[in-house]
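Q: Provided herewith is a single structure, encoded as structure tokens, for subsequent inquiry.
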């Protein structure tokens with residue numbers, strides 16, 4: 001039964017990915033294959049000034065006037081609508097595979113334990129992101145690659161507003177579609193954890209290739225958050241974390257305003273949240289306990305679940321001459337859904 005659902009699961013996820021990030025992936029691949037040389041037409045050698053033509057400046061979406069807020073409003077409206085439709089479609093798709101909104105982690109926290117768990121995944125996402133980008137900076141430094149976004153281009157105000165909204169929307173779209181829905185649907189379809197991690201990481205990294213060689217460092221973040229989500233089943237804290245991370249970084253990148261206090265405050269808060277959640281046992285539960293068992297597994301624990309043991313009995317190892325229980329995959333087995 002699970003095998004029959006694998007094809008539709010993968011196909012549906014690829015359709016969602018193409019709808020949300022297909023164009024961005026193509027642009028990232030083309031940009032990586034043929035980087036644009038600085039022609040000097042817009043950015044002077046000093047990198048301190050940007051040449052303008054009248055009241056207009058060349059932006060990412062064409063010619064954007066400095067006071068063209070109607071363009072910004074139209075662009076922001078389109079972005080919000082497209083993001084909402086994408087998230088809605090992903091949640092509906094997960095529902096067809098037996099994973100509801102609550103099981104995805106989209107229900108609002110109502111208890112102290114729920115809030116503590118959301119704060120914990122918030123902290124985990126921020127600190128894992130810090131680690132990934134520190135490694136990226138190290139790789140770029142060793143290779144002599146200039147940091148991403150260091151071309152000296154100065155966007156006008158409407159572009160800044162549009163860019164900040166786009167950065168914030170990456171939180172709900174990426175985390176709901178590429179983390180919660182992807183992991184839940186693939187596991188529900190019976191894929192092994194190795195396959196789930198590889199698939200999720202491949203989707204994440206594909207449209208981040210504009211970072212160049214340093215993109216490989218994002219494996220730390222992409223794979224790490226799959227583990228965090230599997231352990232907690234919480235996604236709202238990750239959504240907020242991703243949005244704040246992007247906006248905080250882009251305030252510096254798009255406006256040129258130094259915001260080290262804001263960025264460091266985000267990291268300190270994340271560390272405090274993570275420690276409190278860890279002490280409360282947020283990350284020590286059994287994996288994917290929030291997911292329903294795969295189809296056809298009635299009466300059996302979900303894939304990866306711990307098998308309840310009667311008092312006084314521990315099946316830590318099979319009896320002499322015996323074999324491991326059928327419901328439990330051997331340690332290190334990446335070919336079976338149980339691990």
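Keep in mind that glycine also has a Cβ here, set from the backbone N, Cα and C atoms.
Remember, it's a predicted structure, so these values are computed and weren't measured experimentally.
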Q: Taking 13-33, 34-54, 55-75, 76-96 as the choices, which stretch does TrEMBL tie to transmembrane segment?
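A: Feature transmembrane segment in TrEMBL: residues 76-96.
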Q: Looking at the candidate ranges 240-260, 261-281, report the one that TrEMBL labels transmembrane segment.
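A: My reading of TrEMBL: the transmembrane segment range is 261-281.
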Q: Please find, within the list 209-230, 297-318, the residue stretch that TrEMBL describes as transmembrane segment.
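A: Comparing 209-230, 297-318 with TrEMBL, transmembrane segment matches 209-230.
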Q: For the domain 'CAAX prenyl protease 2/Lysostaphin resistance protein A-like' (160-247), jot down how many residues DSSP puts in helix, in strand and in coil.
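A: DSSP composition of the domain 'CAAX prenyl protease 2/Lysostaphin resistance protein A-like' (160-247): 79 helix, 0 strand, 9 coil.
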Q: Which value does the mean pLDDT take for the domain 'CAAX prenyl protease 2/Lysostaphin resistance protein A-like' (160-247) in this predicted structure?
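A: Averaged over the domain 'CAAX prenyl protease 2/Lysostaphin resistance protein A-like' (160-247), per-residue pLDDT gives 95.
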Q: Which listed stretch (117-136, 176-202, 209-230, 261-281) has the most C-beta pairs under 8 A with the transmembrane segment (76-96)?
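A: Checked against 117-136, 176-202, 209-230, 261-281; highest Cβ contact count belongs to 176-202.
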Q: Do the transmembrane segment (209-230) and the transmembrane segment (261-281) share at least 3 Cβ pairs under 8 Å, sequence separation 6 or more?
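A: Taking Cβ pairs at least 6 residues apart, the transmembrane segment (261-281) and the transmembrane segment (209-230) are not in contact, as fewer than 3 fall under 8 Å.
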